[in-house]
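Visitor: This is the structure, below, for whatever I ask next.
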Amino acid sequence: MYYPEPISKLIDSFMKLPGIGPKTAVRLAFFVLNMKEDVVLDFAKALVNAKRNLTYCSSCGHITDKDPCYICEDDKRDRSIICVVQDPKDVIAMEKMKEYNGLYHVLHGAISPMEGIGPEDIKIAELLRRLQDETVQEVILATNPNIEGEATAMYISRLLKPTGVKITRIAHGLPVGGDLEYADEVTLSKALEGRREL
């Protein structure tokens with residue numbers, strides 16, 4: 001189907017987003033065309049502002065507008081515990097329950113041979129460096145309860161065993177195959193309470 005070039009480019013841009021197929025991209029493009037210009041400009045500014053002003057914390061890998069992030073900078077946090085998660089959205093999910101007071105380490109992915117993602121493609125080396133520098137007594141593996149998350153947790157567990165650090169895994173109150181970011185606070189809280197040593 002023929003669209004004027006500006007609409008085609010907008011549709012193509014929307015299709016670059018995860019979960020957006022051709023039909024949804026067309027629907028979004030026409031929705032944007034019907035929005036007031038000031039709303040569209042605010043939306044565009046928000047996109048540019050986020051891209052320009054957000055970075056990843058050099059310590060934990062969480063998304064932040066200043067380095068180090070507010071969590072790593074907080075002196076009241078328990079620095080003897082690091083919770084390892086796959087994605088910055090998982091940090092936000094954990095923080096919502098307001099029960100965990102340690103630090104985080106964001107892997108930015110999980111081991112997935114089917115997708116060509118190996119241990120060297122995620123932030124495992126950075127985690128090992130942190131364990132050398134900090135007085136960490138426990139590492140909580142809070143990767144997603146799916147095949148990739150489990151494989152990643154087991155890989156990290158084997159790497160960390162010789163260090164003598166206590167290694168725990170969050171309990172499976174979370175649905176297998178689900179993502180941490182979609183879990184409610186009560187489920188996350190129970191999963192954290194029921195973590196087990198590996």
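The backbone N, Cα and C atoms fix where each Cβ goes, glycine too.
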Visitor: Suppose you had to name the range Swiss-Prot annotates as zinc finger; which of 57-72, 121-136, 137-152 would you pick?
Guide: 57-72
Visitor: Is it possible to list how many residues within the zinc finger (57-72) are helical, extended or coil according to DSSP?
Guide: 3 helix, 2 strand, 11 coil
Visitor: When DSSP states are grouped into helix, strand and coil, how many residues of the domain 'Toprim' (80-175) land in each?
Guide: 42 helix, 21 strand, 33 coil
